[in-house]
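Peer 1: Below is the structure I would like to discuss, written out as structure tokens.
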Amino acid sequence: MGACLSSPNCRLGTSTSRKEQEDTHSPGLDSTTLSGNNNEFGDDAKNSAKPPENFDHSGTSNNTSNSLATIQRSSAKNTVEGTNKERGIQHVPDYMVPDISDVFYTNLDRPRMSVHKPKRAHSDPDKTKSTDDGAKSSILRNLSEYPRISDVVLTNDVWRIRILSSVKLTSRYILGTNAIGYGVCGSVRHAVNRRTQKVYALKSLSTYTTSKRKLTSVFNEVSIFTQLDHPNIAFMHEAYDELGVCHIIMEYCSGSELYDRLDTYKRFSEQYAIKLTFQMLLTLHYLHTNGICHRDLKLENWVFADQEIDSPLKMIDFGFARVFEKGIPMGGMHGTVYYVDPEVIDGCYNEKCDIWSTGVIVYMMLSGSPPFNSEGDKEILWKIKRATLRFEGVRWTSVSDTAKDFIRYLLNRNGNERPSAEMALRHEWLKSEYMRYSNFKVPVELLKHIIHFSRKSPLHRVVIALSVLESDRQCPKEVYRAFFAINTRKNGTISFDEFYTAMKSHLDISHQECIKVYNTIGYRGTPELNYTEFVTAVIEHYGILDINMLSLVYKKLDVLGKGFIDLKSFTAAIGKYFNDVSAEEIFRNTDQNQDGFIDFVEFCESLTAVNPEV
């Protein structure tokens, strides 16, 4: 069973000769056998450097079965950070980035190279022996001098991710004992919220014993997640910054990894692959538009939200992700060997390395095997840079030429000629899915409810926003489709022009009134409307708010657990401002008897008030 963040951060490492598993059939999924059709790709192998021995130019090794079953998982990262200075998350201090040579590790059994770690202040090699009272060695004590996550991740947006340092994790969650997956920094377990009984995925690591490289990866991941808001990206709920340990609470996805589903069915039908590919590119378009490159896309880093065949995909594992600027290349070798972009191997690349990896995934979804496979990692990397891409086997005879053209389109070795995610979304192969998203008719009642919601009191909008966060933005599929129907650019945020066009085409609303509505429902203050804000504005249309959720939100606003809400708790829960209204003003308007406390009766009665501003 897969889980967000949980899904084992396994690398598709060493490949071994293994008899290909028998194909199985399932509705919407297809399976056939392998055999022969050739297509040229990239640089001619004849003009390249001399390949390794016992090696052909076809994209498969002479003695290696070219199937997904030949790809073994490994239990740890296959790469180390390079020495190339790159543009990373700006709030991760430079001293946390390890100084290591440019090496592309893929196998666990390879010898470790020596790492020259920066000297730590106060380090004393003569005091490494543990004392009888269990005190840690000086090495471990010095590891505790690493910055805490709340120090490194400066962004603490209470409407996106809460980084808590004053609350113990166990006071709010019941922790599972069995691992549901293994990540780069250890196991992932279930965590059950004591109040809601909702299940989450919990990732924990010790800041005493974890290497600086792994800590950097985790801090980087949390930093990235504070900036993300997309329906196809796993939702990070909270981060707990306790002394000596960091806990990350993630949305739990009960579906399997994309790897496991493909391994079960051997290959997907084109129509099913189109649906999945479109979701992947929507996510990449959002990331790249916002200056974030994932850098480690693979089958394992896509998980299904649930077990249903039409379950949405969720992107996970942002440990290697980086903030980038257009025109400024990234450096260092990151990723997983089968999916790595040729330019990443050279150590100078841009965000389109994610597009290459997506092309590899599409190839594998349609055939059940990687495009460049061999017995050893060195040979695989050589093929990625030099070998001819081929569509061989009976499996490919039933695949359309348009699909093959799409794969060639993404697997262009010239990064400048490789398409962006936005361009790839408009390819002929994805046209049917693009039109299905664009032609969805947004219910008029849904748009009317957005106006109705904007006229609610600030407290009412606070409560709905908190309830949406508590539910990890769970909503009917109609909301997802409506969001992307309005978002004509398909970049994951709704601009005012898109919003006004949708509202004006269905409702009699003035430009000025539309501006007020747009600004009111955009409570996070970002330039454009994000997915969570949109869900918040429409979710009551489906009758989600009930007494149980009201009670839950009331308890959430009671941060200090006093049994009532005071101004200190209220401000700690929502921040100093909600939209342009101060938390103090919202609190004062809710505290009807002005006794300095909001009881549950006052809380419920205030939810019926109307916002006079709109």
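Yeah, the Cβs are placed from backbone N, Cα and C, and that goes for glycine too.
TrEMBL annotations: computationally assigned, not manually curated.
Predicted, not measured: the structure shown is a model, and the values here were computed from it.
Got these off TrEMBL a minute ago, pasting:
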- 1-16: compositional bias 'Polar residues' (COMPBIAS)
- 29-40: compositional bias 'Polar residues' (COMPBIAS)
- 57-82: compositional bias 'Polar residues' (COMPBIAS)
- 121-135: compositional bias 'Basic and acidic residues' (COMPBIAS)
- 174-430: domain 'Protein kinase' (DOMAIN)
- 474-509: domain 'EF-hand' (DOMAIN)
- 578-613: domain 'EF-hand' (DOMAIN)
- 1-91: region 'Disordered' (REGION)
- 111-136: region 'Disordered' (REGION)
Peer 1: With Cβ-Cβ distances below 8 Å as the criterion, list the same-chain residues six or more beyond the ends of the domain 'EF-hand' (474-509) that contact it, or say none.
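Peer 2: 229-231, 282-283, 285-286, 289-290, 312, 422, 425, 434, 437-444, 446-448, 450-451, 515, 517-518, 526, 528-531, 534-535, 538-539, 542, 544.
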Peer 1: What does the DSSP secondary structure composition of the domain 'EF-hand' (474-509) look like, as residue counts for helix, strand and coil?
Peer 2: 21 helix, 1 strand, 14 coil
Peer 1: Pull the DSSP breakdown for the domain 'EF-hand' (578-613) and write it out as helix, strand, coil residue counts.
Peer 2: 15 helix, 5 strand, 16 coil
